[in-house]
Amino acid sequence: MRESKTVDGANLGYSPCVASSIRDHATTLRVKCGLSSGCKKRTAEGRSPERGTSNLHVQINNPFEVLRDEDEQIPHEKINSEQVQTRGEGSSHNMGGVTSMDEFLRKFFYTVYLNKNRAKENNYCKYNNQGLAAFTSSLYLSGLVASIVASAVTKKHGRRWSIICGGISFLIGAVLNASAVNLSMLLLGRIMLGVGIGFGNQAVPLYLSEMAPTNLRGGLNMLFQLATTLGIFTANMINSGTDKIHPWGWRLSLGLAAAPAFLMTIGGTFLPETPNSLIERGSIQKGRKVLEKIRGTKNVDAEFEDIVDASTLAKAVKHPFREILKRRNRPQLVMAIFMPMFQILTGINAILFYAPVLFGSMGFKGNASLYSSALTGAVLALSTLVSMGVVDRWGRRVLLISGGIQMILCQITAATILGLKFGNDKELSKGFSITVVTTICLFVAAFGWSWGPLGWTVPSEIFPLQTRSAGQSITVAVNLLFTFIIAQSFLSLLCALKFGFFLFFSGWIVIMTIFVYVFLPETKGVPLEEMVHLWEKHWFWKKFVAD
C-alpha cells in the first residue's frame with residue numbers, strides 16, 4: 001500500500017504523485033511529502049529537490065483548497081485510484097444519509113471527511129465525531145422547546161393551526177438547508193426543522209385521536225407513525241439516488257423535504273378542526289356539526305355531552321402544566337414521561353439513524369449500506385401496517401409486551417454474533433453479516449408493530465381534555481430529549497461498549513416490558529372522556545386518583 005501523506009498532520013490519503021502537482025503558490029501551508037514512489041517533486045520555485053523529504057509552500061488558509069485545486073487538474077477517478085476513497089463506506093445520521101455524502105462533509109465538516117477516508121480505523125470508533133453528532137442532534141433541542149410553545153397554540157387556537165405552523169416551519173427549514181452556503185445557514189435550517197417537529201408531533205396525534213371513533217382510534221392514530229416510517233423509507237431511497245449526483249446531490253436531498261412540508265401546510269388549511277377543540281374554545285354548535293359529520297350520524301348525543309362536560313372542566317383550568325402535576329393526574333404524567341422515554345431506549349433511533357455506519361462497519365461496501373438502510377425503512381413501514389390492523393382487536397398491552405420480548409431476543413442475538421465474530425479491525429463473514437442484518441430487520445419489525453406507533457398512541461389518548469394538550473407536549477419533549485441524548489452519545493457508546501451497546505438497549509427493553517405489564521391498563525375501546533375510570537379501577541393507580 002502506498003504511503004499516505006499529511007497536510008498539517010491531517011491524513012489526506014494523497015499519493016506523492018498527486019502532491020507533486022501542487023505548485024506555484026506562496027507560503028502559509030506546508031505539505032510534507034516523501035519519495036517512496038520515486039516521484040520527483042518541485043519546490044515553490046519549480047526546482048526538483050534532492051531525493052528525500054522536502055517542503056512545498058502553498059498559499060491557502062484552508063487545507064481543503066488543496067483538494068479543490070487538484071480536483072480541477074485530476075479526474076476524480078484518478079484520485080480514487082491513488083488512495084482517496086471518496087465514496088467511502090458511508091456514515092449516516094438523522095439527516096437521512098446526507099452526512100455520508102463527501103461533498104456535504106467537505107463543505108461543512110472537513111475534519112470528518114478526512115477521518116472518514118482513512119484507510120484503517122477501529123471498526124467501532126472510526127465514525128466517532130462529537131461535532132457532527134452535535135449538529136445532527138441540534139434539531140431535537142429546538143423541537144423540544146417548540147413542543148412546549150405548541151401546547152399553548154394547540155389549546156388556544158386549535159389542533160389545525162399547530163399542524164399548519166409545523167408545515168411552514170418545515171418548509172423554511174428545507175429551503176435554508178438546501179441553499180446553505182455556510183454552517184450558520186445549515187444550523188438555522190436544522191432549528192426550523194426542529195420547530196416543525198415540535199409542532200407536528202404535538203398536534204397530529206391529538207388530532208387523530210380526537211377525530212377517530214372509539215373502536216378505530218388505535219389504528220387511525222397509528223397513521224402518524226405510518227407517515228413517519230414511510231418518510232424514513234422514502235428518505236433512504238432518495239439518498240440512495242442523490243448520493244450519485246455530484247456535487248449537488250446533498251442539496252437535492254435536503255431540498256426535497258419541502259415536498260411533504262408543502263403537503264402538510266396545504267392539507268392543514270383544508271382540515272376541519274376537532275369537535276373537542278371547537279367545543280373547548282366555545283364553538284359548541286359548530287363542534288356538534290363536525291362531530292355529526294365525521295361520525296356519519298346525528299345520533300351523537302352521548303359523545304357530545306361527554307365532550308361538553310369535559311370542556312367545562314377544561315375552561316376552569318388556567319394553568320394546564322400546573323394541573324397535570326397534581327396527584328390525581330399522576331398516572332397520566334407517568335405515562336407521558338415513561339412511554340416516549342422507553343420508545344427511544346429501545347435503541348431504534350440508534351439503529352435507524354446510523355444504519356449505514358452499522359452495515360458499513362460489518363463489511364458492506366458502497367451503496368450496500370444505503371440499500372440496507374432502505375431495507376430497514378421498508379420493514380418498519382410494513383410492520384406498522386400490521387399493527388394498524390390488529391391494535392383495536394388485540395389491544396395495546398399485548399402488542400407492547402410481545403414486541404418487547406422479540407426485541408430483547410434480537411438484541412441479544414446480534415450482541416452474541418458481534419461479540420464472538422467481530423473484532424476491532426475485522427469484517428464479518430457473509431453468512432454472519434446476513435444473520436445480523438436479518439436480526440436487525442426482525443428487531444425493527446417488532447418495534448414497528450409495538451413501541452413505535454404505541455409510544456405515541458397511548459399518551460395521546462389517556463389525558464382528560466383539560467390537560468390533553470399539555471400532556472402531549474410533555475410526551476413530545478421527553479421523546480425529543482431522549483432522542484437527542486441517544487443521537488449525541490450513540491457513537492461514543494458504540495466506541496466504548498462495542499457489541500455491548502445491543503445489550504445496553506436490551507436491558508432497557510426488559511425494564512419497559514415489565515413496566516407495561518405492571519402499570520399500564522388496557523385502553524382499547526375506552527372513550528377518551530371516560531379514560532379516567534381506568535385509573536380508578538387499577539390496583540396501583542386508584543390510590544392516586546381517589547384522592
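Positions of Cβ are set from backbone N, Cα and C atoms, glycine also.
Features of the protein shown, as given by TrEMBL:
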type	residues	note
DOMAIN	95-524	domain 'Major facilitator superfamily (MFS) profile'
TRANSMEM	132-154	transmembrane segment
TRANSMEM	161-181	transmembrane segment
TRANSMEM	187-208	transmembrane segment
TRANSMEM	220-238	transmembrane segment
TRANSMEM	250-271	transmembrane segment
TRANSMEM	333-357	transmembrane segment
TRANSMEM	369-391	transmembrane segment
TRANSMEM	398-420	transmembrane segment
TRANSMEM	432-452	transmembrane segment
TRANSMEM	473-493	transmembrane segment
TRANSMEM	499-520	transmembrane segment
Winner by Cβ pairs under 8 Å against the transmembrane segment (432-452), considering only 132-154, 161-181, 220-238, 333-357: 333-357
Residues from the same chain, set at least six apart from the ends of the transmembrane segment (220-238), whose C-beta lies under 8 A from its own: 96-97, 204-205, 208-209, 211-212, 253, 256, 260, 352, 370, 373-374, 377-378, 380-381, 384-385, 387-388, 391, 448, 452-453, 456-457, 460-461
Segment confidence, the domain 'Major facilitator superfamily (MFS) profile' (95-524), expressed as mean pLDDT: 87
Proximity verdict for the transmembrane segment (161-181) and the transmembrane segment (398-420), three or more C-beta pairs under 8 Å: no
Best-contacting stretch, by C-beta pairs under 8 Å, relative to the transmembrane segment (398-420) and drawn from 132-154, 187-208, 250-271, 333-357, 499-520: 499-520
Range from 132-154, 187-208, 333-357, 369-391 with the greatest count of C-beta pairs under 8 A to the transmembrane segment (499-520): 333-357
Long-range Cβ neighbours of the transmembrane segment (187-208) (under 8 Å; 6 or more residues past either end): 135, 138-151, 153-154, 159-160, 162-163, 165-170, 172-177, 180, 220-221, 223-224, 254, 257, 261, 264, 271, 274, 456-457, 459-460, 468-469, 472-473, 476, 479-480
